[in-house]
Amino acid sequence: MSLWFLVFLSVLQGVTELFPVSSLGHTLLVPALFGMHIDKHAPQLLPFLVALHLGTALALLWYFRARWIALIGGFFAQLGGRKNDDGHLMWALIIGTIPTGIVGLLLEKRIERVFHDLRIVAIALIVNGVLLWLGDRIQRSRAHQAPEKMTFKQAFFVGLAQIGALIPGFSRSGLTMIAGNVAGLTAEKAAEFSFLLGTPIIFAAGVLELPKLFHARDQLADALLGGVLTAIAAYLSVRFLMRYFEGRGRLASFGVYCVIAGVFCLGWFMLHPQPV
């Protein structure tokens, strides 16, 4: 893997993992648009992807470090019988993580095999954009009805939405923000819950494959560089997005991008079919 391609993939992962535009979809579509071939069976690819996931997770942990300390403290306080908002939210995150954790372990590889056609990925990106636009409309219609505290039912509903992100073209952060909007959360609260909810999922995706990273010692330098670049890109992305949604930023903007990008990619790959 050339240095510039390594940098390109690392930054692409760090940005698109958190922006509601589908990191997996972009990782498949963008290189193909530029004629770059990614060998999924290359021995150096898996360790590299592991490092990228860990870099993203560490960036999220660092950005929300004070929040996580409060959540963990509240969780143990609640176990001791002292009810508190942080402990409640921690339980909500645990409940929201369960659906994707189970389905991901059972079906992720099968889903990836079915949706490796880039035209299908482009269609999924278009649908993702439409859903973002609809989610934005719903959130704005309920702007003054947001609950003070997320219920466990809402958390489970948002967690179910994460399952859709196993399909390339659908965004994990996008789907969970949409679900949060449908559940009645403000844009800012939906974004925060989405990023907090995604942290254990992204971290687990890296940790489960961590032994393979250490077995590929000759690839550690590339993997380490990729992880660091991804962490920087992810940190800057989450910082921007939280400020964006605090300032009444709209999901619809990302929805428009996804539809335009998806339509362009669909047309391109219809005219230039890729080997399946």
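For all residues, glycine too, the Cβ spot is worked out from N, Cα and C.
Positions annotated as transmembrane segment by Swiss-Prot, on the basis of sequence analysis: 1-21, 44-64, 87-107, 114-134, 150-170, 190-210, 222-242, 251-271.
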Two-stretch contact, the transmembrane segment (190-210) and the transmembrane segment (44-64), at least three Cβ pairs under 8 Å: yes
Beyond the flanks of the transmembrane segment (1-21) by 6 or more, those residues with Cβ under 8 Å of it: 27, 30-31, 36, 44, 48, 52, 55-56, 59-60, 125, 128, 132, 171-174, 177, 195, 198, 202, 222, 225-227, 229-234, 236-238, 241, 251, 254, 257-258, 261
Result, the transmembrane segment (222-242) in contact with the transmembrane segment (44-64) (3+ CB pairs under 8 Å): yes
